[in-house]
């Protein structure tokens, strides 16, 4: 029997165009057990969001027309309505702040919002993307500054470089599709963590486990991989930790969350082999917490989520990863995800949807153990010279 575990209040805040688009995608895909909040300086775009709570910030500095790609305007806008932001975040145990870095609102406002959440005692996790190189040097510089500011404001920061999407997608990918995939990456970052808390588990990873790994952790990296057939758990883990979307390797991490999601037929030996691979890659004294989540819809597939955090300063290369050479394609604006008529907003007002997103009960199982795995023979597929899998988030 699974136990009911819905005590943790989780809020997801999408900031700016990219962040709000990511929130809308989570709502459309039915991500449950969390509260969605959309924050923007662009009143017209904000009105189209499906989030149950919307905060229109910075009317005095932006007139509801956006931040004009100026992070200073985004920061001032958030500060102008900080009291409304704080009130909306009140009572949260965990707050995700998600944004596309490099623009005005997401880059400037996200650190202000994250700081407010953390000061209220919430475990605060930033999940952001770096801009594509073709968006220009100024946007890249804005992103670097914004990432540094956000890193100081959150407990844990996960950064995913958009340029890596070019390595795992078709050559004929359109600009609009590229931005859609960037929004999807943000969604997967939030979903990968929140599902650990809210999904049913045979061995449950609860909020306390997540907090143990992610509180004051600084840099974190997350990989998601899936596989089926022989050695599926091992290959899914390989895919997760070698994903092209990671900005760094998990080597040297002091804290790891390792979650296996599958139908009920996941065997002990295949789980042990996969866990042993992760154990060998991270710090010898790392705190590794394992969760086993049941999702019968996966059939023969196994999905593995690896979140590694707590890197030594020498190992922490998150902010030093070089950008790819600039491409010749022009920058393009992110289109709104939902086409709904604009509504007149009052500055700093919080708006509630008439029909909030329906959530389902959250169930969980026993407590998640620290890693103690039996010694197993090394699988043929466990080798150091693996080819990087050519797919998004390591799916097979």
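Each Cβ is built from the backbone N, Cα and C atoms, and glycine gets one as well.
Caution: TrEMBL annotation is automatic and unverified by curators.
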Which stretch does TrEMBL mark as region 'Disordered', out of 297-346, 347-396?
347-396
For the GTP site that TrEMBL gives as 17, 18, 19, 20, 21, 104, 105, 106, 135, 139, the extra residue out of 56, 60, 183, 195 is 183
For the binding-site residues listed here, 21, 105, which shows the highest count of neighbouring CB atoms within 10 A?
105
Fewest other Cβ atoms within 10 Å: which of the binding-site residues 17, 19 wins that one? Let me know.
17
Cβ neighbour count (within 10 Å, all chains shown) around residue 183 (GTP binding site):
25
Would you measure the largest Cα separation among 17, 18, 19, 20, 21, 104, 105, 106, 135, 139, 183 for the GTP site and round it to whole Å?
20
Across the domain 'Tubulin/FtsZ 2-layer sandwich' (203-320), DSSP yields 38 helix, 36 strand, 44 coil
